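S.K.: So Swiss-Prot lists these for the protein:
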- 39-75: region 'Disordered' (REGION)
- Thr49: phosphothreonine (MOD_RES)
- Ser80: phosphoserine (MOD_RES)
- 100-206: DNA-binding region (DNA_BIND)
- 187-210: region 'Disordered' (REGION)
- Ser195: phosphoserine (MOD_RES)
- 222-276: region 'Disordered' (REGION)
- 226-235: compositional bias 'Polar residues' (COMPBIAS)
- 261-270: compositional bias 'Polar residues' (COMPBIAS)
- Ser264: phosphoserine (MOD_RES)
- Ser267: phosphoserine (MOD_RES)
- Ser268: phosphoserine (MOD_RES)
- Ser273: phosphoserine (MOD_RES)
- 329-386: region 'Disordered' (REGION)
- 329-340: compositional bias 'Low complexity' (COMPBIAS)
- 350-359: compositional bias 'Pro residues' (COMPBIAS)
- 360-374: compositional bias 'Low complexity' (COMPBIAS)
- 412-435: region 'Disordered' (REGION)
- 412-421: compositional bias 'Polar residues' (COMPBIAS)
- 578-612: region 'Disordered' (REGION)
Amino acid sequence: MMDGFAQDWPTLTHTDNGLAMDQLSGVVGGGDLPGDVGFEPQTRARSNTWPCPRPENFVEPPDELDSTKASNQQLAAGDSQQAIQNANAAKKNSSRRNAWGNLSYADLITHAIGSATDKRLTLSQIYEWMVQNVPYFKDKGDSNSSAGWKNSIRHNLSLHNRFMRVQNEGTGKSSWWMLNPEAKPGKSVRRRAASMETSRYEKRRGRAKKRVEALRQAGVVGLNDATPSPSSSVSEGLDHFPESPLHSGGGFQLSPDFRQRASSNASSCGRLSPIRAQDLEPQDLWGFPVDYQNTTMTQAHAQALEELTGSMADELTLCNQQQQQQQQQQQQQQQQQQQQGFSAASGLPSQPPPPPYQPPQLQQQQQQQPSYSLNGPAPGGYQTLQPQSQSQCLLHRSLNCSCLHNARDGLSPNSVTTTMSPAYPNSEPSSDSLNTYSNVVLDGSSDLLVQQQQQQQLQQQQVKVEFEGQCLEVLNNEAQPIDEFNLENFPVGNLECNVEELLQQEMSYDGLLDINIPLANVSTNAPLVNLVNNSTTLSSSSSNLSGSTTTLSSSSLSAAVQLNQLQAQLQQQQQQQQQHLQQQQQHHQHQQQLLLNNNNNNNNNNSSNSSLDLATQTAATNLNAARVQYSQPSVVTSPPSWVH
């Protein structure tokens with residue numbers, strides 16, 4: 001047997017050249033090799049690293065020594081090597097086994113710090129202790145082979161709460177590492193989680209575990225009525241959030257599709273399914289069951305919901321309370337008068353009173369309730385009382401609008417006999433009974449018309465005052481834009497006025513007018529007077545608007561004149577500059593022409609001089625040639641001998 005392996009080396013069957021070992025038997029001693037004939041080659045373990053494989057018949061003892069379970073206790077100063085050997089002997093059959101023994105890096109660091117006299121060591125001192133006291137690290141102290149285990153020691157120091165870092169007193173020195181006496185025994189929490197609120201997280205997790213245990217003991221099953229798989233986490237299927245105010249009552253569960261980070265799909269690939277867990281209905285999306293009659297809500301849950309609804313109602317802004325009260329009072333008076341007129345005239349069976357008045361903003365919420373009107377209900381429950389439509393606009397009632405005639409048209413014989421019963425769902429008389437007392441209803445409708453005319457007169461009087469005040473505010477307030485008051489939206493009618501006279505009059509006052517409109521006393525024949533007054537007020541407002549437009553036009557004209565003057569001045573300056581530039585260009589061209597003429601004259605003079613020089617030179621050469629010719633000595637020939 002060899003050290004470090006669980007079985008013998010396999011025997012060789014062939015040599016490096018491919019020859020079988022049995023063929024060499026004749027060469028080695030002339031016989032067969034002992035122990036090599038008839039045996040198959042044995043397999044070798046693939047991994048020869050730590051930890052070594054255990055034997056097949058090994059049984060781990062059930063109980064371990066208590067002294068080996070808690071490794072955070074401080075060791076007394078003494079022989080550290082003996083302490084390590086004792087720990088190795090105690091943990092001989094433990095599940096954690098390393099190349100140097102059965103102790104982890106954290107245990108070794110704990111022994112190293114505990115063996116120091118002052119119970120503190122620096123990082124370099126911990127390295128030295130490892131090399132000196134652990135046999136495995138004795139030959140791994142150099143820089144090449146110590147990078148791995150030194151990195152592991154640094155990680156264990158920073159990630160375990162049992163070790164505490166203390167600043168060194170000296171400058172430029174590494175910090176001290178000490179044992180934390182307040183550390184909890186057992187597996188410590190990683191220090192990386194210290195950035196989170198660990199205490200709050202631990203409390204919340206503990207409460208959630210207790211609640212889950214209580215639900216399991218009571219036999220509460222998850223939302224899907226299926227037993228969870230063993231690999232599923234505790235929080236999956238029972239998602240509780242105790243910190244939420246809605247869930248403080250307990251037992252409020254979310255959808256089973258919601259999962260926390262711990263129960264991700266990456267760790268539960270075997271439980272994935274392409275089919276959705278549950279087809280959620282709109283009621284299930286909010287966590288409430290379908291059967292609303294059997295729902296049970298705790299008191300805390302109900303209080304939380306009431307607080308939420310109260311806060312939401314406070315934030316909503318409705319219309320002005322004073323306007324609501326006035327409209328409600330007017331509506332109640334009209335309803336009482338209508339009821340008195342119908343009951344006194346016809347003697348119909350007692351009907352329930354109509355519903356109270358509601359502002360226009362809340363009519364959409366009451367669409368499913370039956371409405372009461374004189375013109376009959378509209379399909380779908382959208383018909384509202386006629387005075388509500390009149391109260392929606394203040395300006396229409398002051399003019400000759402069709403809104404005022406709706407109530408009168410609704411009291412025709414046909415409408416009374418055909419549309420009274422559907423408005424009141426509690427009483428539905430037959431057509432014969434309606435025909436019998438339809439005449440009586442028509443007799444009593446005359447009183448109703450008189451009362452309604454009086455009410456309309458009062459309303460028109462109030463609306464006239466409001467309308468005039470609005471017109472004055474729009475005209476006199478300079479901060480408001482003129483677009484808010486648009487006469488095109490109102491059916492004014494045929495108004496005749498002399499625009500030129502108005503313009504001349506307002507131009508004389510420079511557009512500064514102080515408008516004071518006296519309120520006329522309204523008699524019983526109010527509709528015609530109101531129409532005349534309204535037309536006059538509208539004409540005055542239109543004249544004021546035209547005056548403002550004329551002032552604007554005059555100011556715009558003055559500004560236009562100034563702009564024209566500035567433009568003319570600019571044009572004159574530009575023309576002067578252009579003339580000056582043209583003069584400069586002409587002067588420059590004249591100078592260039594003079595220079596060119598001078599150059600031409602110089603060239604002509606040079607050419608004449610050169611021709612004279614050439615002529616003189618040729619004459620001189622001719623003279624020289626003549627001189628040479630005549631300066632040669634003449635040859636004197638002697639006379640002949642016969643001349644004496």
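The backbone N, Cα and C atoms fix where each Cβ goes, and this holds for glycine too.
Please situate the listed features within the shown structure.
M.R.: Over the DNA-binding region (100-206) the predicted model carries a mean pLDDT of 80.
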S.K.: How do the residues of the DNA-binding region (100-206) split into helix, strand and coil according to DSSP?
M.R.: 52 helix, 11 strand, 44 coil
S.K.: Is it possible to list how many residues within the region 'Disordered' (578-612) are helical, extended or coil according to DSSP?
M.R.: 35 helix, 0 strand, 0 coil
